[in-house]
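What TrEMBL annotates here:
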type: DOMAIN; residues: 55-170; note: domain 'ARMC9 CTLH-like'
type: COILED; residues: 194-224; note: coiled coil
type: REGION; residues: 225-244; note: region 'Disordered'
type: COMPBIAS; residues: 231-243; note: compositional bias 'Basic and acidic residues'
type: REPEAT; residues: 316-357; note: repeat 'WD'
Amino acid sequence: MEKMHYAEELVREFLVFRGFTNTLEAYETELRTDVGKGFQVDKILDLIFSLYVPKFQIDKLVALLGFFKHYLSSSFETTLVSTFSKLEASLLRFYVVHALQSNRRDKVVEFFTVHGPDLLQSSQEDWTQWFAIPYVKNPQLDPEFRIFFSKEWYQALHLSVRNFFSEIFNATRLPALLKISSEMNATSLLKRDITQLNIKLSELQALLNEKETQLRQFKSMEGNISSSSNLHEESTHMSKDSPETFPQEVQTEIGQDLVVGEPEFVSSKSGDNSAFLLNDYLGNGKAGNTTLKENDGDVSREEDFDEVNVEHQETFLGHTSPISRCRFSASGNNIASASLDGTARIWTYDASTPASRNATIYCGTEILSLDWECKSDRLLLIGTSDACIKAWNVDAKRVVCDLNTTEAFPSVLDIKCSPVEPIFVSAAASGGSGSNYFDNLGFASLTVWNMKTWKAMVCASLYIILKSFNGYV
């Protein structure tokens, strides 16, 4: 339909350009009547079965059928014209039957009076018996007319008309103007796709530049670490070769107690490993992961690392922003992940597990917490930054409950489900969850919710004082 409107605009533009005002006026009149309805089957069927016949507009019905007969006679084979003539006769008989069923015998008499001569001369069907139908007492019981009053005949007629018009319109050769409009639409779509691809290319280029910058930073950090390691080895060799006095503060960690010794001067001698222990402690912050071995008077160290073997690795794509949280379901069959773009996704990582639970949940704001219901493994609880807790049923794929904390505590920082009872606890704060809140005073609340009634059971408000020391709480 959009192509048709575009072609009509092209014709209108050409007529205005050439100054064909009379032709333009006639063209506008034809468009307003639009007998063929743009060759849209549904609209033509509505005209016949919902307007012309029920409203007894026989003149318009005859004009419409005459229009299509002329159209078919000039464009199609005689076989289709003969088929349409039979459909035309059936539609006119349907008009007569509908008028009789509506107790409007006067409309039947009027029809035969006006159009009777044309029917006898041009129609291929025999109308002789039908001229008597207005005067038959019960035509629906007459063997000659009974079939035309049945519901099955009406349904067959409706289907035949639909199929016939659909067939001839699909076989119609498109005018050149419509082809031009189709090409214009295709060009517009291609231009839009090119614009979107250029935007996507710019985003990927920016991401590539960012990754390259991070890679250079990592390489620089690796070089700094190598330099510090070389300096550490040089200082170790110097401590073996020349005596040196320096203050040492010895800290010994036993269990949970920390004993701090007084500063004292320690003399380093060749073959003594105390300086090596001190340098290693100062360099690494601890000496617990280092194993010392003495071979021929030289001290060497070995660090034990557990070997990690990756047996399976698979990447899931779908989030458009960084992923902030992820949780395995209690059965281990599904994974829930949350992104900064305000969406949560449910994944199936094993190909043998049905993917019917996979879904994308749009929350519209940042998601701060996730947790699975432990027993049935059917509910995923989602806490957001706008004081909302959503309960998502993974089988029904819909939110079954929306809970709200108080306005004083909008940030739902954590959610934990009970492993034994149908309850869960939520932790909400008066501010966001960023690290800058560790240096401020704040309020928080703990709320226990019943998952059967979806109501709060216990709510406790806390006044929290958080202080930081060297970046650690």
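The backbone N, Cα and C atoms fix where each Cβ goes, glycine too.
Here the repeat 'WD' (316-357) is broken down by DSSP into helix, strand and coil counts: 0 helix, 16 strand, 26 coil.
In terms of DSSP secondary structure, the domain 'ARMC9 CTLH-like' (55-170) contains 94 helix, 0 strand, 22 coil. Looking at the coiled coil (194-224) alone, the prediction's average pLDDT is 88.
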